[in-house]
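To start, the structure under review is shown below, and the notes come after it.
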2 protein chains.
Amino acid sequence: MRIMRAEQFKLDRQVEYGTPQQNEVVQTIVEAIRTEGDTALLRYTEQLDRVKLEPSSLRVTEQEINAAYDRVEADFLVAIREAAHNVRKFHEKQMRNSWIDMQPDGTMLGQVLRPLKRVGVYVPGGKAAYPSSVLMNVIPAQVAGVPEIVMVTPPATGGKEGIDPYILVAAAEAGVKEMYRIGGAQAIAALAYGTDTIAPVDKITGPGNIYVALAKRTVFGVVDIDSIAGPSEIAVLADDTADASYVAADLLSQAEHDEMASAVLVTPSQQLAEAVAAEVERQLALLPRAEIARSSIDSYGAVLVVDSLEAGIDVINKMAPEHLEVLTADPMALLPRIENAGAIFLGPYSSEPVGDYFAGPNHILPTNGTARFSSPVNVDDFLKKSSLIYYSKEALFANGGKIMALARHEGLEGHARAIEIRLEKEGGKA
Amino acid sequence: MRIMRAEQFKLDRQVEYGTPQQNEVVQTIVEAIRTEGDTALLRYTEQLDRVKLEPSSLRVTEQEINAAYDRVEADFLVAIREAAHNVRKFHEKQMRNSWIDMQPDGTMLGQVLRPLKRVGVYVPGGKAAYPSSVLMNVIPAQVAGVPEIVMVTPPATGGKEGIDPYILVAAAEAGVKEMYRIGGAQAIAALAYGTDTIAPVDKITGPGNIYVALAKRTVFGVVDIDSIAGPSEIAVLADDTADASYVAADLLSQAEHDEMASAVLVTPSQQLAEAVAAEVERQLALLPRAEIARSSIDSYGAVLVVDSLEAGIDVINKMAPEHLEVLTADPMALLPRIENAGAIFLGPYSSEPVGDYFAGPNHILPTNGTARFSSPVNVDDFLKKSSLIYYSKEALFANGGKIMALARHEGLEGHARAIEIRLEKEGGKA
């Protein structure tokens with residue numbers, strides 16, 4: 001693992017917009033689903049997923065879900081249940097109420113918060129089909145009070161037949177009652193526009209391949225979408241109190257995700273820098289996914305040496321990493337200065353997998369430096385607000401003149417007259 | 001104004017993606033600003049806005065702002081100050097704190113909320129340059145605690161020289177200290193990528209023409225953007241207790257915005273339907289912007305007759321209007337059933353301009369049916385969250401086995417080992 005001065009390092013990543021060919025394929029599929037509905041949906045499922053279905057066989061049956069429970073191990077079930085419980089508890093603390101502010105003149109102003117009505121969760125069929133991600137997408141929507149949560153996932157996973165039982169069990173444990181065996185751009189279009197079999201949704205969340213991502217971009221505006229996730233990232237900020245073997249293991253847990261993942265240590269300690277670089281080599285050799293992790297570490301990994309922890313925080317804030325671990329003598333003391341990070345893991349026992357799987361906070365986090373302006377998936381993502389304005393007669397009469405003045409300065413006489421007609425008719429003065 | 005059954009009406013609007021030519025122009029401009037910075041910015045400003053500037057003259061000076069104060073009327077200043085005060089008060093009630101949940105085993109979990117660091121507000125130079133919109137964009141960011149808010153607006157407005165003084169005063173009153181005379185796609189690109197003169201921002205908000213909208217779409221991901229606004233809409237739900245002249249005036253206040261605006265009355269009362277249609281004709285003739293309002297009413301306006309108020313609410317919820325007025329005998333009683341609307345105005349004195357200019361809630365609202373899943377501009381739009389995870393040794397030892405089980409079921413051995421190495425080294429059991 002290369003060691004360098006922080007100034008020499010640049011993590012340069014592009015937003016993925018797909019090739020013109022990929023975009024054209026997606027446009028064609030989305031348009032076909034929009035106009036032909038189920039017919040096109042079944043056609044593309046046969047063509048792209050090599051599975052022939054009827055409208056009546058699109059939906060996953062209760063028997064299949066029960067059968068999936070028989071196929072997963074007991075320790076998985078125990079762990080996923082406890083994880084779901086923790087995720088639910090953490091997200092429940094984010095819940096907010098509608099509020100209303102009452103004023104002495106009889107005016108009431110407020111915000112009405114409501115859950116979205118129907119949300120679609122996409123679960124990919126390939127190597128990135130993670131039961132834990134099902135929890136992280138579904139539970140915040142459920143806590144927000146979304147009454148209809150529907151999951152879609154491709155009918156077959158690679159060579160394997162049927163849907164991964166771990167996915168089905170995770171979805172059922174999270175409380176999903178409506179699941180369809182569809183995937184790709186055709187699934188996104190079906191969720192956005194609806195078909196005879198599948199009712200349209202208000203928002204689509206969940207990761208997918210480039211076709212899924214492009215389809216989500218295409219239907220954005222018809223429905224809401226979550227952000228398009230980039231490759232995963234970890235930055236570790238550590239001083240010489242950190243255990244090099246812990247730091248190395250945490251960097252590798254990120255690097256094993258895929259070749260594009262990034263794992264970076266930022267430290268003022270040359271000694272720790274060297275120890276971690278050596279530990280990464282040692283541990284890397286022992287990993288089943290060593291090839292992926294090696295490629296990731298070589299391309300996007302680095303140990304960055306800085307002059308001080310303060311200088312390290314500046315580097316981190318510029319990077320805005322998806323995951324940040326702080327392994328220093330007093331990690332909490334640094335918290336106020338950390339401006340940009342999706343999730344912040346403090347201290348030696350807050351290894352990233354604790355958050356990936358179990359603690360409760362969401363593991364779907366802003367990537368690609370977007371932690372500068374965006375947030376982990378949370379309950380707010382599934383709530384919408386309406387402003388509430390109940391103006392009293394007294395308030396209108398007292399303020400009508402000022403409202404009319406502003407409208408007339410903007411050249412909007414019709415706005416002014418909507419106030420004026422009330423004042424004139426009911427004897428108010430402008 | 002046409003009167004029809006609700007079933008016959010369809011408000012069909014498309015998301016605006018621009019022509020291929022417009023997209024190409026925008027790509028060229030954005031790329032030029034990204035690579036050439038100020039040089040390209042000045043070149044496009046001369047070419048498109050017909051104003052020759054130096055880097056040193058891009059920024060609006062304090063003298064110009066002071067001069068603008070001399071050019072606006074006293075009644076405008078009084079009204080905009082009180083409006084700004086009300087907007088600030090309403091948005092301050094939305095403010096939230098970071099929180100932390102402490103658990104008996106020493107674990108701490110929470111959400112850290114922070115303002116974005118730097119936000120750019122675009123103010124168009126043409127007919128849609130509204131001082132009230134400056135307040136509505138700037139104040140929520142300011143309440144969120146954004147330390148740097150920068151305004152950009154074209155150097156000249158149509159035939160007029162210089163920036164509209166009402167815009168400068170509104171911005172100064174809202175607290176903007178940094179303003180640049182740049183507009184169009186070149187301004188958006190300068191905010192996103194930065195130039196020698198203008199530091200890059202984290203988010204860009206505010207309306208603009210199609211080039212501005214396309215440029216915002218292009219830089220999304222590099223920075224955050226607000227939603228792309230569609231044409232304005234009002235729906236009024238009224239029964240026979242409503243005053244037809246008020247309803248008509250409110251519909252027209254929306255219709256005068258532009259030819260694409262939509263104004264719809266939904267009512268179970270045939271008598272009100274006819275009275276409002278007649279009143280619209282009468283009042284329309286007297287408006288300075290009668291031509292615009294007439295076009296809007298003819299193309300997108302309608303009086304929709306329904307069987308009951310309940311049926312009317314169903315129509316409204318499908319429509320998801322930007323503005324909804326409820327003028328019924330007991331408007332508050334209907335609130336729980338209204339699911340989709342950007343802003344809800346209750347009762348006869350809550351005319352839409354009350355909210356457009358003065359009451360406090362934001363007037364930048366979801367259009368085009370997107371109130372199904374999105375919200376008025378609010379303080380949350382300028383805050384980002386980071387998850388906080390401080391796991392205790394006790395918690396890691398108690399739960400490490402379950403975390404490892406989940407990681408191994410997903411085939412991520414490196415994740416499991418990041419936990420295992422700690423348990424082994426410090427004597428925990430998996």
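Start at 1 and count along the chain as shown; that gives each residue its number.
Cβ atoms here come from the backbone N, Cα and C positions, even for glycine.
When A:D196, A:D314, A:D330, A:D356 are compared with the Zn(2+) site residues A:Q254, A:H257, A:H415 in TrEMBL, the one appearing in that site is A:D356.
By a Cβ separation below 8 angstroms, chain B lies close to these of the recorded positions A:Y122, A:N209, A:S232, A:E322, A:D356: A:D356. Spatially, by CA atoms, the recorded positions A:Y122, A:Q186, A:N209, A:E322 include one closest to A:Q254 (substrate binding site), and that is A:E322. Of all the binding-site residues listed here (A:N209, A:S232, A:H257), A:S232 has the Cα closest to the Cα of A:E322 (active site, proton acceptor).
Closest to A:H257 (substrate binding site) in space, going by CA atoms and restricting to the binding-site residues A:Y122, A:Q186, A:N209, is A:N209.
Among the binding-site residues A:Y122, A:Q186, A:N209, no residue is found with its Cα located within 10 Å of the Cα of A:H415 (substrate binding site). Sequence-distant contacts of A:D356 (substrate binding site), defined as residues of its own chain at least six apart whose C-beta falls under 8 angstroms from its C-beta, comprise A:S132, A:H363. In sequence order, A:P124, A:V152, A:P154, A:G183, A:G184, A:A185, A:A187, A:I188, A:G208, A:Y211, A:V212, A:A215 are the same-chain residues whose CB sits within 8 A of the CB centroid of A:Y122, A:Q186, A:N209, the residues recorded for NAD(+) being left out. Looking at the residues that bind NAD(+) per the record, A:Y122, A:Q186, A:N209, the two CA atoms farthest apart are separated by 13 Å.
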